[in-house]
Amino acid sequence: MTQPAGSLSGRVVWLLGIAVGLVVILGAIHLHILLVFCLVVFAVAGLMTALREMERRSEQTSKELERLHALREYSLVALFELSHEFDVSMEEHQMGTLTLTSIMGHSGIVGACLWLRRPGDETGLQLVARKGLKEDRLEAFAAELQLLSMDARVLREGIFLDRPESLPARPEFVKRATLAGVRGVMPLMAGGELIGFTGLGRRASNTDFSSFDLEVVRTMLSMLGRAVENGRLYSRQQQHNEELASVNRELQQTNESLREASRLKAEFLANISHELRTPLTGVLGFLDLLRGDTPTSREQQLNFVSRARACGARLLHLINDLLDYAQAEAGRLEMEKRAVPARSVLEDLRRAIEARAAESKLELRVDLAGADALRVWADGARLHQALCHVAENAIKFTPQGSVTIRVRNDLHSGQCTFEVVDTGVGIAPEIRQAVVQPFVQGDGSSTRVHGGTGLGLALTVMLVEQMGGRIAIDTPSEHPGTRVLVSLPLADEAGETAAEAVIEATSIGRIEGPLGAPLVLVVEDREPLRAYLRDFLHSSGYRTVDADTAESGCLVARRLRPSVIVSDYALEAAPRASVRTGYDMARRLGLDEATRSIPILFLTGFSNDLKQQLDSNPEPRRRFHTLDKPVDEDAVLEVLSQWLPNGGEVRTLLIDSVEFTAARIQHALPAERFHFESALTAKQAVSMLRNQPRAFDLILASPGAFDGTEGTDMAKLLQEVAPPEVFFMLLGDSAVGSTDSPWPAEESRLIGCVLRDDEDFARQLESLLDVARAQRGANEAEPNAESEAA
C-alpha cells in the first residue's frame, strides 16, 4: 500500500526507490558499493519504523487531549447546569437526588447516596437521597460514619476502599461499607462545618476514580453544601416571616377585638346608664309625690308606693343580672343541682311572665303536655332565671302574635329541651352568634326601639352551660320569628348519687408517674391508647391522671387543675351528657377562671373539623394545639416542653385557716413551679389525701391547724394516709419532737419549719426541698449498696 506523496515516509520511499535503481546499475560495476547500499537501506528502514511509531504516538496523544478536552467541557457543562438547577425553595431530598444523578452520570458509578445532619442535631445522620443502593444496609453503615465525624483526615480527603492508606482503623467499617455497596465516602461541608456524607458506589467499568473525577465530585459536593446551607437559611427566614405574619395577624385581630370591645363598652355604659336611671327616676319621682305638699288620697298614696316598689324591683333585677354575670364569668357562681320537675319549671315561668305578656297584648301559650314525666338535672333557681331572660326577650321583640313555651324529651341524647317560640322580628343568621355575647343587642344604638342592657342572653348562655346544658337559636319552620332551645341533662332516680359516683370514680387513685413531675390529664375513651399515652408520658418524665369521657375530664380538671390536658376530640359520651366532645370540654373549662388557663393538646383524626370549630368560635381564647393520629411522640414532647415549666412541679396542699396567710404564701411562690390546693382544717386535708393519695408532693401546714386533741389525732392520721414520698413542712416556729407535739422527732418526712413572714420565703422553701430530696436519695442508695456488697 503506497504512502501519500505528501507524507514524510512517502518521500523517503520515493527517494529510496530511485537510490535502489542507481545502486543496481552501479552494482554491476562495483560490488563494494552494493554492500554499502544494503547497510544504508537497513538504516533507512529502521528510521522509517521509528518515524511511524512517533507518528502513531502523536496521533494517540492528540486523541487523548481531545478526549480530556471534551471531558473537561462536559464537566464544566454539568457543573454549570447543576448550579442553575439549585433553588433555595427546593427540598433537601430534591437537591440531593439532583446532585447524585450528576455525580453518577459524570463518574460512571452505579449507585450513590447522601446523608445529612439536621440543624441542631449532632447525634445522628439522616439518609435524604439514594440511587442504586439498598436503604436497609445503608442504615447500618451510617452508624460507622457518625464515628468518623471528627476525623480531620476524613473531612479533608475522604475514604476509598481501593486506597488502603485512607481507610480508618476500624475493620467493621470496610465490612459494612462492602455490604452497603459503598466504595468511597466523601464529606459534605458548608461554612467550614460538616453537614453530611456522600457515599459512592462502584464504577461500571470497575476502574479506580481518577484525580480529575474526584475533583469534579468535590466541586459538585461543594455546590450542594452551599445550596443546602442557603436552603436552610431560606427556610429559617420563611419561618421567621410566617411567625411575624402570624403575630401581625394576631395583633390585628387583637386590635380589632379591642376596638370592638371599646365600642361595646361605650355602648353598654350608655345603655346601662339609661336602664338604671329609668327605674331609679321612677322610685325617686313617686317618693317625691308622697312627701309633696299636694293633698293625696289613701288610694293615690298606695298607688305611688306600688309603682315605686315596681321601679325598685326592676332596678334590683338589673343589678342582680350585673352581679350574676360577673360571678359567672369569674367561675364563682354557685350551683346547687338537683332533680327539678319540668312541670314546676313551666308553671313558675308562666306566673313570672304572664303579666308582661298581657301588657304587650300577646298570647302566652304554655304547653304542659308530657311535662309531668320529666325531671331535669339543674339548679332550679338558675334555670328559672335563664328561662325568664329568654321568655322576656321573646315578649320584648314580638310586637304582635304569640309566645309559646313547651318542653320535650330527647331520649336519644338524654336531654330535656325547653323551647321558647315567638312570632316576632326574628334574629338574622349572621348575628345569632353575636347576640349571645355580653353587652350585645341586635340594635345597640341610641335610637334603638327596645330597651335592655344586652346581658340577658349572654348570662343565659353562661347559666345553662354551667348547669351542663346547651342553648341554640334558630327560626321556626311554620312562621317567622325566633326559636330558642335550652337543653339540659335529664335526671333519673339516682341522679344525685350518679353524679357523685362520677366524681368519685374519676378522682380517686388515678394519679401515677414520677413524683414532682408536671401533671398531665389524659382524656381518651379507648383504654389501649390511654394506657399507651400513660406509659409514654411516665417514661418521658410526666405524671398522669386519666379520664375516659369529656364530662369526667371536666370534673378531674376542676378538681386537680393539671398542668396540661392531652385529649381526643371525638369521645364516647353517656346519653344524658352535656359535655360530649373534646371541644365541649375545652369550652366548659374556659368558663371557669380556675381552669381556663390550662393548655390543651388535641390528638385526633378529625383535626380539620376541630380547627374549623376553633377558628369559627375563638372564645375562650386559650392555648390550643392539634396533632393528627397516629401519635408522633417527638411532636407531643415538643409541644409539652413549650407549655410546661422546667424543673418539675411541686403540688402543694396548704393547711391554714387564715385566708390571708394562704393568699400571701401563694403570691410569694412562683405559680409555674408550685400548684396549690387549700384545706382550712387538718380533717379536710385528711379527706383530700384519702380521695387523691398521690396528688401532692408537699404538705405545708400551720402549727395552729393541729391544736387540741382532735388536731393532734388528725396530724397523726395525716402522717398515716400520706404516701411515703410526700414531704411535710410547718410554717413558723414549732416544737417538733416535744411531748405534746403531734410531730415526732423521728418523722423523717418532716423537712423543717419556715417563717411565713420571711422575705425570701421561696428561696428558703426550695432549699429545704433540695436538702430533703438529696437525703432521701442517699437513704435509698444505702440499702442498694449493702445488697450489692452482700
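Keep in mind that glycine also has a Cβ here, set from the backbone N, Cα and C atoms.
According to TrEMBL, the protein has these features:
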- 44-71: coiled coil (COILED)
- 237-264: coiled coil (COILED)
- 271-492: domain 'Histidine kinase' (DOMAIN)
- 519-644: domain 'Response regulatory' (DOMAIN)
- Asp568: 4-aspartylphosphate (MOD_RES)
- 12-28: transmembrane segment (TRANSMEM)
Mean predicted confidence [pLDDT] for the domain 'Histidine kinase' (271-492): 79
Number of helical, extended and coil residues in the domain 'Response regulatory' (519-644), per DSSP: 54 helix, 24 strand, 48 coil
Surrounding CB atoms that lie within 10 Å of the CB of Asp568 (4-aspartylphosphate), all protein chains: 25
